[in-house]
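Here it is, the structure in full.
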């Protein structure tokens, strides 16, 4: 037995190894071949499962396990790692589970009472003679311990006894049995049991061994059978080789060192696998496509791409997977289980790889660097997507329905749902369904109010990491997505994708009601509300409802007076960002929207569309009260207020109300005295631009008749 001090030292070494991330699952795993598994009884198998799961959970608790091994997924589903082959009876016979060697000893010879050292006990055991009745040969116990008496296909096998660790049990003096040593297959004598003395014939392949001294069989209950125990942590193992590997966790021993990079391993198999990184060796080749792999397990998984085999099916939704680990991870969508928790912030994840990626947020580690531009990423998948998007242009994943290609498999899967309409992720609070799991996660934060992502500059919080990343570009001015056609840059890749459809003319989203097509799905969703009349976003101040949340936000600024968008040229502020963009074209003189009929150019696209109706005569907006039609939606809205009498714009100074915001703006200038329109000839200022235009005719000499006809009688000069 190790001293308490040695145990503590071993524990410190284990903690140190784990803190350095040097322990892998394979370091603490217990491996059985199918043959070995069939030899284990029920108690041993149960113990194996318990130890394996405990080892794995210990690693996960300190974040040292990246992906879940298939064997753990099986054990969590209470399945065996091996299926017992039919027609084979390879397990131990219940009556022959253990073979014990003993000798009738008097009380004064009792080994326990004498407290003899292990060396003396071994000497006494070596003195016992055994005779093989078939071969007619005498055996010393010393020889017996060093030979394999029975081959692997028989009831029991005994191998070399290397040393005796402990004598642990004292028996009553009245017990007839002496001290007994368990000769187990893993070469340790661990326990002392009382046994009834008798002669025992051991039959194996028609061979019989009988002892001249006393040999007995102990009918030990299967559930109490002991395996090898680690003295440091008391974990149980079935093989000496597995125990030896396990003990290297406590000692930190890594005897197998790579001569290329100096990295050391606790197992030779791990070294051999690691060396393929340096040699580039990929000995396992796919016969279908020729792709090679460094590990056979990777080849087996890859081959399912060709066969389409998905042997692991979810019992909840019948979705099938090619890998057991993927099924186990998927099932957590249904259960909501998130067993992997970040020790820094407490955030939990459904798989340990997501936890590993998340922890890099805290550490700032970005181990995957692009060889073309030097940009670094936290995940290898992000690097692969980056290179395909910016450098190689590769889009290896094609949609079989429409032929559209994607840079990654996830993009293809998500795209396919636009064809199938599948929305497998359902909110358990409101029942809303989503095509992407990430969309469900973000949606659920509406119910919880959670905003875990905070800007370190302005402290604004967001419910989605992507929203924070996009927001931070407002501070940095970064626009990493540039159009190759016109050079225009964007903060978001989706904005670039939408913009590129201007050049391609692509409008992939079609309305099923009127067949109108759109370049963006969001525009289609907005359009469909015209048919449904849906206006789900209501103002709490005045009760006005809107079909889009952006319109509600913009409307609420009428009540708050907020104008967060300021022109850097003149300081004028606006309630909407689009208004600022349009206003800035006054300073730049830019008119990017040109009519193909007459060549007239406009600052706003909406103005061009409205103008084109002059050529076409189109009046798509009709009043449902009087039938009058309009070429502009805004004109219809203003007209309808004649019927309703609605005057939603009220002056805060005198409470006078107006049907149009422009009328309110003009009225406010009476109170403020503001006259923003100044004549460059004489300096006279006016509240309205139309008044300035009329005044300027005095200087140009235009007919006063025109002026008088244009103004009400009392305004004629």
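Including glycine, each Cβ sits where the backbone N, Cα and C put it.
The structure displayed is predicted, hence computed values, not measured ones.
Features from Swiss-Prot:
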type    : residues : note
DOMAIN  : 23-94    : domain 'KRAB'
MOTIF   : 216-219  : motif 'Nuclear localization signal'
MOTIF   : 385-388  : motif 'Nuclear localization signal'
ZN_FING : 228-250  : zinc finger
ZN_FING : 256-278  : zinc finger
ZN_FING : 312-334  : zinc finger
ZN_FING : 340-362  : zinc finger
ZN_FING : 368-391  : zinc finger
ZN_FING : 397-419  : zinc finger
ZN_FING : 425-447  : zinc finger
ZN_FING : 453-475  : zinc finger
ZN_FING : 509-531  : zinc finger
ZN_FING : 593-615  : zinc finger
ZN_FING : 649-671  : zinc finger
ZN_FING : 677-699  : zinc finger
Per DSSP, what is the residue count of the zinc finger (677-699) in each of helix, strand and coil?
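Secondary-structure breakdown of the zinc finger (677-699): 11 helix, 4 strand, 8 coil.
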Checking distant contacts: for the zinc finger (649-671), what same-chain residues at least six beyond its ends satisfy Cβ-Cβ under 8 A?
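Residues 558, 638, 641-642, 687-688.
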What residues in the same chain, six or more past the boundaries of the zinc finger (312-334), come closer than 8 Å to it by Cβ-Cβ distance?
67-70, 73-74, 76-77, 301, 304-305, 350-351, 424-425, 437
Check the zinc finger (677-699) for me and report the mean pLDDT.
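The predicted confidence over the zinc finger (677-699), as a mean pLDDT, is 89.
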Count the residues of the zinc finger (312-334) that DSSP assigns to helix (H, G, I), to strand (E, B) and to coil, and report the three numbers in that order.
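Counting residues by DSSP class gives 11 helix, 4 strand, 8 coil.
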According to DSSP, how is the zinc finger (593-615) divided among helix, strand and coil residues?
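So the zinc finger (593-615) is made up of 11 helix, 4 strand, 8 coil.
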Could you tell me how many residues in the zinc finger (453-475) are helical, how many are strand and how many are coil under DSSP?
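DSSP classes over the zinc finger (453-475) add up to 11 helix, 4 strand, 8 coil.
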For the zinc finger (397-419), what does DSSP give as the number of helix, strand and coil residues?
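Its residues divide into 11 helix, 4 strand, 8 coil.
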